[in-house]
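Notes follow the structure.
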């Protein structure tokens with residue numbers, strides 16, 4: 001295939017697509033250039049169906065540091081495991097693509113996005129999402145796309161598509177919306193307490209922009225797209241399916257309607273084990289035994305899936321007996337743990353999360369060194385999901401993509417209400433431990449995080465709560481569910497998480513299993529979520545009505561002082577000598593930022609006060625008219641040098657020592673004497689003049705004689721106008737200065 005180039009303009013930047021030049025052995029590949037960001041996307045498919053009961057799709061987003069002209073960090077100087085941002089971007093691309101493959105498709109598919117050059121003002125993640133859809137669409141892989149995604153901002157009341165970095169910093173909204181040309185199928189957002197109306201408007205305008213990108217993709221597919229390959233889809237034997245449904249559907253229906261999770265799982269497992277045993281015996285010697293038993297398992301799964309959906313759409317009954325807009329029982333607890341800086345335990349039905357707060361000096365902030373310029377991350381929210389939370393055994397180790405994603409969602413939701421660095425100069429870490437799970441654990445972690453922050457004395461603007469909404473749709477009719485549990489998440493069509501305060505939304509996340517949802521469904525889901533959010537906030541506020549005014553006794557205390565930027569080097573000292581000495585003497589921790597904000601941390605307030613005094617002394621500046629108790633450190637003919645404080649000296653000229661004439665400095669002061677002086681002048685070079693006599697009473701004027709006349713002055717000798725006396729040069733103290 002010869003190289004072809006396609007070009008358009010999108011959101012004020014040039015969008016160029018190149019095909020047929022690189023990675024030609026992949027099923028489909030494209031180079032996407034957006035602004036000066038360049039992403040290579042390659043899509044490949046295995047030749048045969050993979051084993052397993054799920055679609056093995058893998059999406060990678062690779063950040064190459066050379067793309068930003070940077071060296072990788074670390075000893076190896078080579079890219080290693082994906083960064084958190086790269087992992088989140090890969091998930092962001094995976095989620096709108098996954099629903100676009102046929103039910104029963106089991107061939108392994110890999111989509112690899114490599115960032116080759118990076119322009120911080122032209123979104124590489126959005127270029128990668130565009131490239132992923134296009135590479136699949138022009139390939140022979142049976143992908144029912146295209147899809148596209150855009151970033152949406154909200155600045156000065158205006159919705160902006162793919163905002164620049166400067167606009168993003170000013171934006172009240174950080175939204176990614178993706179979908180087909182017909183509907184939205186993925187949402188990820190953080191927001192500064194925006195209303196449901198603004199969020200809906202942003203979603204719909206984002207989708208209009210998505211349609212533009214899809215039209216461009218369709219143009220390219222028409223020009224270079226391959227014919228789709230015919231692949232085997234996983235299907236079950238129709239006769240076997242009819243036989244099992246007729247014999248066992250009523251038993252499974254009864255089991256599904258058991259309200260308590262563990263009891264329901266046990267009841268359905270009894271039915272499944274019974275059916276499995278019957279068919280294992282019946283087909284024990286059959287040459288296709290493995291296929292038949294795979295079909296039996298799949299049929300039972302489909303029966304359970306169908307019954308859950310039927311109950312909700314037809315009978316309006318949920319597996320646990322709740323109404324469609326009803327929340328499970330709620331419970332909130334603070335101070336669950338001693339010694340820690342704050343803790344909250346939140347329970348919603350059989351979902352439970354423990355959140356633990358840790359406060360630390362700003363030196364503990366996380367340094368993020370990726371494709372963007374290096375920056376420090378002050379707030380971290382980490383989410384852990386141990387297998388015991390669902391009563392199972394399983395893998396233990398580093399957090400997976402799901403845990404990273406759920407942690408990031410909670411981080412976005414809570415970050416919007418945190419105090420500024422000036423108000424609360426701490427690094428903040430929340431860790432959510434999921435102790436039980438029956439759906440919506442990420443939202444439970446947000447609620448528990450709010451409890452921990454408030455109990456720990458972090459002055460958040462308002463409490464935040466989260467709720468997960470679900471959807472059951474049969475094409476013509478739909479039902480929106482509030483507070484979905486595990487079974488409804490597994491067999492439902494949507495998982496729409498909404499977090500926020502009473503004033504507005506702080507985070508959204510939506511994943512669906514169908515190809516899109518309408519504005520009508522979004523509107524209804526947001527309205528139901530708002531009602532549920534307020535109910536949860538009622539419980540949180542009843543548990544802890546206000547943020548505590550004091551930190552935990554175990555939390556580090558802090559004091560801050562502001563110094564001039566040019567004084568930072570004085571406090572740090574050569575090679576850190578001065579600051580290290582202060583830390584060693586007082587036992588505190590000290591952080592200094594580039595703007596001269598000095599933060600002093602310790603559990604001992606006296607140590608903080610001592611360190612503060614030392615630093616204040618180091619950066620203290622003399623001021624005109626201020627009085628100091630100074631020490632004489634050097635004597636010259638023209639005056640004495642005195643130390644005002646620390647390394648700051650001043651000159652007291654001999655003429656400023658007393659109101660009477662003095663010929664010798666030593667007649668008035670000696671080295672080591674302490675004297676009171678007043679600063680009278682500081683020149684442009686910072687040299688300080690001080691006066692002793694300015695603090696002394698001024699002597700009275702010469703007295704009058706008895707007649708009230710002034711005493712006569714001694715007469716100066718007069719010289720004849722032609723007489724020129726010999727000039728004598730005498731060095732005065734001021735001349736010698």
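Indices start at 1 and increase along the chain as displayed.
Using the three backbone atoms N, Cα and C, a Cβ is placed for every residue, glycine included.
Taken from Swiss-Prot as is:
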BINDING   489, 495  Mg(2+) binding site
DOMAIN    556-615  domain 'KH'
DOMAIN    625-693  domain 'S1 motif'
REGION    691-737  region 'Disordered'
COMPBIAS  700-714  compositional bias 'Basic and acidic residues'
COMPBIAS  715-724  compositional bias 'Basic residues'
COMPBIAS  725-737  compositional bias 'Basic and acidic residues'
Lowest local Cβ density (other Cβ within 10 Å) among binding-site residues: 489, 495: 489
Three-state secondary structure, which DSSP defines for residue 495 (Mg(2+) binding site): strand
For the domain 'KH' (556-615), residues assigned helix / strand / coil by DSSP: 32 helix, 16 strand, 12 coil
Three-state composition of the domain 'S1 motif' (625-693), taking helix and strand from DSSP: 7 helix, 36 strand, 26 coil
